[in-house]
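Here's the structure we're looking at; comments come further down.
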Amino acid sequence: MDKLLERFLNYVSLDTQSKAGVRQVPSTEGQWKLLHLLKEQLEEMGLINVTLSEKGTLMATLPANVPGDIPAIGFISHVDTSPDCSGKNVNPQIVENYRGGDIALGIGDEVLSPVMFPVLHQLLGQTLITTDGKTLLGADDQAGIAEIMTALAVLQQKNIPHGDIRVAFTPDEEVGKGAKHFDVDAFDARWAYTVDGGGVGELEFENFNAASVNIKIVGNNVHPGTAKGVMVNALSLAARIHAEVPADESPEMTEGYEGFYHLASMKGTVERADMHYIIRDFDRKQFEARKRKMMEIAKKVGKGLHPDCYIELVIEDSYYNMREKVVEHPHILDIAQQAMRDCDIEPELKPIRGGTDGAQLSFMGLPCPNLFTGGYNYHGKHEFVTLEGMEKAVQVIVRIAELTAQRK
């Protein structure tokens, strides 16, 4: 465990933010730097079959150290950090033996406060790693990477019985491309776990069904003084569309297993307007109903428009709820829960109000629930991780490997 913090601080020192709307994968050069660093470290540790694809997926194998027909399992984390907040020149602060109250984030007015983040009350006495208030931290998912790398070292150094352990580090998870170029056959694991969750004990095997909705509105612009019966204001049509979307089914009004419609962006002029929504729901039937609702709204608002003016709606599914795939293999969750209990952790099964690489991989034939990392408040300057949480994650990964080796 002595190198866990060192590894984490090393990884977050690299700016690995991904970038949306870029064709190339990985979308940024910084991700390549971390991938090459990890490749070198895996090779130095003596792992075999270390490969780095042209699309930035790094894979390696820790060979089994016991005989028998033990299923190969995998652990996966992503190298990119969120584009939502700067990841350049990350300057972590280490707060040992947290005693409560506000934590000043660097020099300035930014604080990490238990008033805004009550979970801090549960972390008294622990070592917190925070930002300096200017960037994100990168615990999502450099913490997961550091934990996997440390778990590999522990398995080797302590000669803990295990079967083949596959590891993979993927790019562009934060922009939805992490699993797109993942070669499940080459990975050759019976099942896997992403290490990309939050607080200690979290075990996630349910996520949203997700779709994007892009709406193009073409209007007609003339001088306002002579506009009667001629002007078709695309912005007004956009406002009417959004007024038809249920206001109480937005992200800020929902929680738990509740789905939502989210207007992510809207821009335009009288002549042309564009709207971008995302749709989320855990239930597949409700998910399909939400997509139909958007089509009905567009049809209603667009009824009776001049033929040269129109509303065009394009819906594209992004990913689906991995529950329907993971529950077909209950032992995957049983092993993870047992591993946590063996490490004095009470498992907390909760839905992901988002998605992970594991969601897509589960539908590609690799069942892949999500393990905790010990991090909180991802994608922003209030992000932090606890060293104790990271150590627990390492223990759970090691124990999962050990328990799997007992399933002969």
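Glycine too: its Cβ is placed from the backbone N, Cα and C atoms.
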Zn(2+) 1 site partner of Asp140, Asp196 (as recorded in Swiss-Prot), chosen from His78, His223, His242: His78
Swiss-Prot annotation, Zn(2+) 2 site containing Asp140, His379 - matching residue among Glu96, Glu174, Glu346: Glu174
Cα distance (Å, whole number) from Glu173 (active site, proton acceptor) to His78 (Zn(2+) 1 binding site): 6
Most crowded position, judged by CB atoms within 10 A, among Asp80, Asp140, Glu173, Glu174, Asp196 as recorded positions: Asp80
Cα-Cα distance linking Asp80 (active site) and Asp140 (Zn(2+) 1 binding site), given in Å to the nearest integer: 8
Entry from the binding-site residues list His78, His379 having the most other CB atoms no farther than 10 A: His78
Glu173 (active site, proton acceptor) to Asp80 (active site) - Cα separation in whole Å: 7
Conformational class of His379 (Zn(2+) 2 binding site) under the three-state DSSP mapping: coil
Minimum Cα separation from Asp80 (active site), reported as the residue among binding-site residues Glu174, Asp196, His379 that achieves it: Glu174
